[in-house]
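J.: Can you read through this structure? Questions will come right after.
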Amino acid sequence: MPNPLYRQHIISISDLSREQLECLLQTALKLKAHPRGDLLEGKLIGSCFFEPSTRTRLSFETAVQRLGGKVIGFSDGANTSAKKGETLADTARIISGYTDAIIQRHPKDGAARVAAEFSRVPVINAGDGTNQHPSQTLLDLVTIYETQGRLDKLKIAMAGDLKYGRTVHSLCQALKRWNCEFAFVSPPSLAMPDYITEELDEAGCRYRILGSLEEAAEWADILYMTRVQRERFDEQEFAKIQGKFNLEASMLARAKPNLRVLHPLPRVDEIHPDVDATPHAYYFEQATNGVYARMAILSLVLNEEV
């Protein structure tokens, strides 16, 4: 079967078909079970991070090196010609002349699509503002499949900052293709955006609003936690919600045995350390899967056959 991702930009989950997502998922699982060190041999990848990152940057660079490729780039846009006023379009033009693919993170929504428009090589979006984070979504899909044995018709609860969290937006857009059911737990001011719930409606996916993490843990197959950012509230408002969206081990007492708790990390207070010792915690394994997910993306984008 032809590789449906060869020479493709990876910008948004919405751009990818279910067939392409399944190809990425199965390739990630295959590379995890049977690693290969030759798929990027002779390839040079540009790692262009205009804002700080730990897991995403390091796991992408690990993926490149494990596949036999090499990396050039930067980890902070302040030390590039962007600081002098160079446009993103020009940066993409220049770096695409040096490399076989560009991995880009940028603070502005839509920046990845701008880079793709002017790049001569595939652009992989490593996060653009509050918009999209497709490689995170792929590692989430790998983790969900790994823990549940399927993606079809799962119950997915999402908690915390659902308004600004690009990870939960992208994950909803991916899992709607498998007819999953969703539940949302958040402060009213950080509710899931209308455009996401409208997409779920159009796909025929059911969703509900729940009032507590205990309810979510009892209902769900996957509980996807995110951080409620203190800086988005005044002190009085934050005091009202503080702790309400922080998960503790005692809240998992009525959870189904197959429930797994995921988090894009870094966590602060929203998952208590006592959850780490429960059989439901899976966020560190989730982070490890980032390497295999990104190996799959790079392998498929840069090889006709994998």
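Cβ coordinates are placed from backbone N, Cα and C, and glycine is handled just like the others.
According to Swiss-Prot, the protein carries these features:
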type	residues	note
BINDING	Arg55, Thr56, Arg105, His133, Gln136, Leu265, Pro266	carbamoyl phosphate binding site
BINDING	Lys84, Arg166, Arg227	L-aspartate binding site
J.: When you measure from the Cβ of Arg55 (carbamoyl phosphate binding site), how many other Cβ atoms are you left with inside 10 Å?
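T.: Counting Cβ neighbours of Arg55 (carbamoyl phosphate binding site) within 10 Å gives 16.
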J.: What whole-number distance in angstrom separates the two most remote CA atoms of the carbamoyl phosphate-binding residues Arg55, Thr56, Arg105, His133, Gln136, Leu265, Pro266?
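T.: Greatest Cα-Cα span of the listed binding residues: 17 Å.
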J.: Other than Arg55, Thr56, Arg105, His133, Gln136, Leu265, Pro266, which residues of the same chain sit close to carbamoyl phosphate? List them in sequence order, counting a residue when its Cβ is within 8 Å of the Cβ centroid of the site.
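T.: Near the carbamoyl phosphate site, the remaining chain residues are Ser53, Thr54, Gly127, Thr167, Pro264, Gly290.
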J.: For Arg166 (L-aspartate binding site), list the number of other Cβ atoms lying within 10 Å of its Cβ atom.
T.: 20
J.: Going by Cα-Cα distance, pick out whichever of the binding-site residues Arg55, Arg105, His133, Gln136, Pro266 is nearest to Arg227 (L-aspartate binding site).
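T.: Checking each of Arg55, Arg105, His133, Gln136, Pro266 against Arg227 (L-aspartate binding site), the shortest Cα distance is to Pro266.
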J.: According to DSSP, does Arg105 (carbamoyl phosphate binding site) fall in a helix, a strand, or coil?
T.: strand
J.: Quick one: Cα separation, Arg105 (carbamoyl phosphate binding site) versus Arg166 (L-aspartate binding site), in Å?
T.: 13
J.: Within a 10 Å radius around the Cβ, which one of these binding-site residues has the most neighbouring Cβ atoms: Arg105, His133, Arg227?
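T.: That would be His133, with the highest Cβ count within 10 Å.
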J.: Return the residues near Pro266 (carbamoyl phosphate binding site) by Cβ distance under 8 Å, restricted to its own chain and a separation of at least 6 in sequence.
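T.: When sequence neighbours closer than 6 are ignored, Pro266 (carbamoyl phosphate binding site) has Thr54, Arg55, Arg227 within Cβ distance under 8 Å.
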J.: So if I draw a 10 Å sphere around the Cβ of Gln136 (carbamoyl phosphate binding site), how many other Cβ atoms end up inside it?
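T.: The answer is 25.
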